[in-house]
Every structure is written in structure tokens, then in C-alpha cells.
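Asker: Before anything else, here's the structure in question.
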Amino acid sequence: MQCPVCQHTNSRVLESRSAESGRSIRRRRECLNCKHRFTTYERIEFVPITVIKRDGKRESFDRSKLLRGLIRACEKTGLETTALEAVIDEMEAELQQRVIREVSSQEIGELVLEQLQSVSEVAYVRFASVYRKFQGIRDFVETLDHLKSYQRNSDQAEEEADVSANSCSEESASEFSSLKRLQSGEAEENQTQPQEAIFP
């Protein structure tokens, strides 16, 4: 791997770890010539995705371009770049699972919003205002109404999951108590039965 400072081609790996939800490996390297340390990523080479823009033009999907747009739209929201990269990771993984290798820029925006709504409500609204080109208060109100509906559905799903988990716990406890009572009854029955002589 070529050093970005002195262009020497030999380096040693100091650290390796999984990144991007397991879709890449992050390596810290040290140049054997100038001792400069730098980071490299090893990723799976995916089949290129073609993006159809609003004007009908086609171009290759550019991850870095999308990330830059996300960073600009979500500045001052408190979200770190790693969180935005994770949003793009999930969106890109979904696209890679499709048979058709073309996707519209509008759909990419909607997929990003789908991931953002569970990450940061503020980032969701800010990105939506840029991507959907909000014209007035009504656009913001509709977006906030959507977020409220999403939050209610999420809360309801969590409550149902908690109820289901509690129900399973109660059933398990009941079954355990029944088993203990059964074992206790068998033990008492064995104690009351006459013991057979071991030796004749």
C-alpha cells in the first residue's frame, strides 16, 4: 500500500477491525520508510449502481457525493460523520440486494430519509427540506406529522414487544412452578411408599 506522504510502497499493519456494519475492514498502517501512519479500508467490490437524475441523465452512484450532501444538510444537528456513513451503508446495502442496477435520485433520497427518521428527527427534517425543496410552512408541518405517526407506530411496536416478552416470562414462571409442584408431589409419594428390602 503506497504511503500518501512519501509514496513508499511498503507498510505494516498496526490494527485491523470491522467497519461499516461488517461490510469493510479498517486498517491502520505505518509506512516503513517515513513512519507516517494512515488508514485504509478494504471493501467488497459491488456491481456499479446507475443513478437516474431528475433531468433524465444517468451517472454512477457516488457515495462520497451523497455523504457530502448529507453532512451539509445535517450540520449543527449533533450527528457525527460516522452516523451519517452508517445511514448510507444501510441504504447502499439495500440497493445492492436488488436485481435492477438503476435507481432514481428521488428514490435514493427517500431511502436516506427512511434511515434518518430512526436516527435523528432534526436531521430528518433538515435533509427533507433540502432534498424535497420545501416551499413553505405546510411542507414542514406535513413532515412533522409524518414523524409523529412514525414515532407512535414505533412506540406501539415496542409496547407490544414488551407485552409479548412479559407474557412469555409469566408463562415460563407458571410452567416452572407447576414442574416444581409436580416434583415435590412425586417426592412426597416416594417417601410414603414402603421401601423394599435390598437384601433377601
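Placed from the backbone N, Cα and C atoms, the Cβ positions cover glycine too.
Please treat TrEMBL annotations as automatic predictions, because they have not gone through curation.
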Asker: From the ranges 3-34, 131-162, pick the one that TrEMBL records as zinc finger.
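Answerer: The listed stretch tagged zinc finger in TrEMBL is 3-34.
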Asker: At a C-beta cut-off of under 8 Å, are there same-chain residues at least 6 beyond the zinc finger (3-34) that contact it? List them, or none.
Answerer: 40-44, 85-86, 89-90, 93
Asker: Averaged over the whole of the domain 'ATP-cone' (49-139), what is the pLDDT?
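Answerer: The average pLDDT of the model in the domain 'ATP-cone' (49-139) works out to 87.
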